[in-house]
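**Q** When I checked Swiss-Prot for this same protein, it listed these features:
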BINDING   73-78, 107-111, 131-132, K144, K153, 171-174  NAD(+) binding site
BINDING   E186, H249, H265  Zn(2+) binding site
Amino acid sequence: MTNIDAPVTVQVAVDPPYPVVIGTGLSDQLDELLANRHRVAILHQPVLTQTAEAIRSHLAGKGVDAHRIEIPDAEAGKDLSVMDFIWEVLGRIGIGRKDALVSFGGGAATDVAGFAAATWLRGVSIVHVPTTLLGMVDAAVGGKTGINTEAGKNLVGAFHQPLAVLADLATLETLPRKEIASGMAEVVKAGFIADPIILDLIEADPQASLDPMGGVLPELIRRAVTVKAGVVSADEKESELREILNYGHTLAHAIERRERYEWRHGAAVSVGLVFAAELARVAGRLDDATAQRHHTILTSLGLPVSYDADALPQLLEYMAGDKKTRAGVLRFVILDGLAKPGRLVGPDPGLLVTAYAGLSA
């Protein structure tokens with residue numbers, strides 16, 4: 001198991017490479033990363049104001065001209081009006097190309113701060129300090145940034161890799177159990193597409209898997225980050241292989257849009273994973289036991305595995321706008337077996353109806 005007292009590092013082998021550091025008490029690493037930056041802007045959510053101010057004050061004590069920029073919570077922050085506000089503040093405080101941003105918050109904060117870094121002066125450095133499980137295992141790793149529009153989720157964005165990701169496990173201690181469970185959906189995804197040991201660890205003790213200061217969750221984080229880092233290192237710009245990280249996300253993004261982004265991302269991904277497994281099963285690509293295993297594991301973590309039985313027509317409309325769609329043809333990442341991701345292109349409408357019926361039962 002991962003020792004929470006001794007930070008571990010997972011390298012993301014892009015150009016240039018960067019570390020994902022997992023542990024506790026990571027302030028020294030932040031100091032080192034920002035040592036040569038004259039000016040720094042810390043983008044954070046309202047609930048983290050006190051801690052963000054402590055970071056700002058600490059950096060100021062080191063001679064850094066540090067500023068805070070507060071952004072709205074969750075998906076409300078991933079809006080063009082928020083970006084306009086951020087750009088205005090970055091200009092006012094004088095962030096230059098040799099300066100840096102710090103994202104401090106959950107996955108949505110990482111997405112919007114990363115997009116700000118990608119677009120300001122055509123790209124400035126950023127360090128991600130995720131404070132949620134979802135941020136640690138997914139949003140902060142891989143360089144995807146973006147905001148939402150009326151057309152859909154994350155359709156406006158850029159690839160912009162960080163200087164580093166600092167995943168301080170101590171920040172998870174104050175999170176509600178539902179928030180940790182939400183992040184576990186992405187961990188489970190990593191298990192099904194690449195690392196079945198993740199699934200074994202969760203099945204052995206689901207509740208221990210949700211304990212941020214126990215021995216299981218840090219190991220799950222390390223393994224999930226390793227899966228994503230490996231995929232991103234091989235396919236940074238999502239030309240083909242990286243698409244497997246979207247397992248469960250085609251339906252998930254449609255659900256989020258239908259729910260006006262009021263559902264937790266992990267809850268939507270959980271439903272999306274079950275749907276993708278059912279779709280593979282009814283298509284004859286996945287065995288019954290592995291499909292059922294999705295349902296069992298996600299349920300054991302308190303995550304939803306069903307959705308509104310009457311919602312399919314609207315969800316299909318939204319899925320047609322998914323970024324994986326080509327020439328109007330739906331594409332799904334599915335499994336051909338445990339840790340054997342594949343694609344299902346242009347499935348027969350009857351398959352979609354049958355798979356969704358299993359989901360909404």
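Backbone N, Cα and C atoms are what each Cβ position is placed from, and that goes for glycine too.
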**Q** Which of the binding-site residues E186, H249, H265 has its Cα closest in space to the Cα of A76 (NAD(+) binding site)?
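**A** Looking at Cα distances from A76 (NAD(+) binding site), the smallest one goes to H265.
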**Q** Do any of D73, G107, T110, T174 (binding-site residues) have a CA within 10 A of H265 (Zn(2+) binding site), and if so which?
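**A** Hits: G107.
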**Q** With a 10 Å radius around each C-beta, find which of these binding-site residues (A76, G107, T110, E186) has the fewest other C-beta atoms nearby.
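**A** A76, out of the binding-site residues A76, G107, T110, E186, has the fewest neighbouring Cβ atoms within 10 Å.
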**Q** Going by a 10 angstroms cut-off between Cβ atoms, which of the binding-site residues T132, T171, T174 has the sparsest surroundings?
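**A** Comparing Cβ neighbours within 10 Å for the binding-site residues T132, T171, T174, T174 has the fewest.
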**Q** Specify the secondary structure state of D73 (NAD(+) binding site) as given by DSSP, simplified to three classes.
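**A** The three-state answer is coil.
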**Q** Take the mean position of the Cβ atoms of E186, H249, H265, the recorded Zn(2+) site. Which other residues of that chain put their Cβ within 8 Å of it?
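**A** Nearby residues not in the site list: L134, D138, A185, K189, G248, A252, G266, A268, V269, G272.
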**Q** Take the Cβ of H265 (Zn(2+) binding site) and count every other Cβ within 10 Å, whichever protein chain it belongs to.
**A** 27
**Q** Please tell me which one of the binding-site residues listed here (D73, T132, T174) sits closest to H249 (Zn(2+) binding site), measuring Cα to Cα?
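**A** The smallest Cα gap between H249 (Zn(2+) binding site) and any of the binding-site residues is with T132.
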**Q** Restricting to the same chain and to sequence separations of six or more, state which residues have a Cβ under 8 Å from that of D73 (NAD(+) binding site).
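**A** D73 (NAD(+) binding site) has long-range Cβ partners Q45, P46, V47, A108.
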**Q** For the C-alpha pair, I'd like the distance in angstrom between E186 (Zn(2+) binding site) and G107 (NAD(+) binding site), rounded off.
**A** 12
**Q** Is it possible to get the count of other C-beta atoms within 10 angstroms of the C-beta of H249 (Zn(2+) binding site)?
**A** 26
**Q** By the DSSP assignment reduced to helix, strand and coil, which category contains T110 (NAD(+) binding site)?
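**A** In three-state terms, T110 (NAD(+) binding site) counts as helix.
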